[in-house]
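> One structure is given below, represented as structure tokens, and several questions about it will come after.
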Amino acid sequence: MQIQFHLYNTLSRTKEVFNPQDQANVKMYVCGPTVYYNPHIGNSRSGVVYDLLYRIVIKIFGEKAVKYVRNITDVDDKIIDRAALLGVTIDELTDKVTKEFHKNMAYLGCMLPSIEPKATKHIDVMIAIIERLIAKDHAYIADNHVYFDVLSAPNYTELSNRNLEEMFEGVHVENSKTKKNPQDFVLWKPAKQNESANMNFESPWGLGRPGWHIECSAMSYKYLGENFDIHGGGADLIFPHHTNEIAQSRCAFPSSTYAKYWVHNGFLTVNGEKMSKSLGNFITVRDLMDKQIQGEVVRLFLLSSHYRRPLDYNDKAIEDAKKTLDYWYRAIENINVQKIDLPHDFMQSLLDDMNTPLAVKIINDYAKGVFISKTEEERQLNASAIITCANFIGLMNKTPHEWFNSGVDELYINELVNKRLEAKKQKNWLLADQIRNQLLEEKIILEDQPDGTTIWRKE
């Protein structure tokens, strides 16, 4: 029987059965980072959501049938400004932040995309598309800029489902006097005086650089063609970025529908507030890594809420994710687990618009099953279901021993445990208690065994 994957499409505002244009060549594009600042936890939500989507599509159609493109935006005004602020070159900044992004994705257990193109390597494709738009009267030159004529695009507001006036209400419009319409957006902008040479490129309109929106249209076209299946990104990209992508791509290639399914993940707040540097609640993934919060904990937190709903980062949410993973790892401890077929109810939860809260509940139910099982066979079956389901969503990639002792200096702890055992032999109870309390402060729990040995675990 054909698997049916129901996915919410922002374009139609309904859940649809995912039906790719070619089941042997499923195409997926996701907007990646602008590499001017270390990625924050909001960026990480997008990374994890589309990693899960990629895993599901691979499960249905096979790894060889799926092409996942996630771009790197390495040309942008923000990059120029931050490089100047830090006193480094553009290349130094973008290389450093790109490497950090890759470390963050690995920390969160994300698979590599099939292709990760950089905007600066595709300027020729951008120029070619802009030339097509000018030739078709969808773009024009004004004051050394090239602008897209928004009013020339059919169904410009289709994705956002708002009228034009509402969409631009309160939006700062640059160079409005030189444009045909205030809403027109830039496709190409001229170089400014004293700007870094490696952030500007030769073009038919002089030295300059592309606008943000044309970059994704060019890279998706280069690797996926005029039409592809899935386009993903954060809900904040619906307007203007994705709206403008659709407009320029469909106008450049009139027979194109561009992306068939538009998928958007919800916003992430911190303690109920929007994340911002001014509020002092701007949290990067590196901050979490430096706190030695395990990547699986952050990943489970990000999957604990439905991807389209808002998600709030707070200490309790992270603590709850850690407790849940502790529970799962404890459930499979000392059991010979086997990889089994994905349980039907678990897979159905993910096929229903990636219902991860239900998927997590199902894993919890299997963990409960381990502890109430009456036979070893039943325990093994439940434990095997836990590891199979968790692995599929990118979790539980360690042994229980590795998990509970992660970040622990085992040699140091074993030395103290042996020192305490020696103190007990000599009936130096004061020293033995001091060592126990010292380890307890470091969240190491000692368990004295009937045979006189001591085992330890991380709290």
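From the backbone N, Cα and C atoms, a Cβ is placed for every residue, glycine too.
Here's the feature list from Swiss-Prot:
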| type | residues | note |
| --- | --- | --- |
| BINDING | Cys31, Cys216, His241, Glu245 | Zn(2+) binding site |
| BINDING | Lys277 | ATP binding site |
| MOTIF | 33-43 | motif ''HIGH' region' |
| MOTIF | 274-278 | motif ''KMSKS' region' |
> An 8 Å radius from the center of the Cys31, Cys216, His241, Glu245 Cβ atoms defines the neighbourhood of the Zn(2+) site; name the other residues of that chain inside it, in order.
Trp212, His213, Glu215, Ser217, His231, Gly233, Leu237, His242, Asn244
> By the count of other Cβ atoms within 10 Å, pick out the sparsest of the binding-site residues Cys31, Cys216.
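So among Cys31, Cys216, the binding-site residues given, the one with the fewest Cβ atoms within 10 Å is Cys31.
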> Across all chains shown, how many C-beta atoms besides its own are within 10 angstroms of the C-beta of Glu245 (Zn(2+) binding site)?
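A 10 Å sphere around the Cβ of Glu245 (Zn(2+) binding site) contains 26 other Cβ atoms.
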> Enter the number of other CB atoms within 10 angstroms of the CB of His241 (Zn(2+) binding site).
18
> Tell me whether Cys31 (Zn(2+) binding site) sits in a helix, a strand or coil according to DSSP.
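Its secondary structure by DSSP: coil.
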> Would you identify the secondary structure of Glu245 (Zn(2+) binding site) according to DSSP, in three states?
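DSSP call for Glu245 (Zn(2+) binding site): helix.
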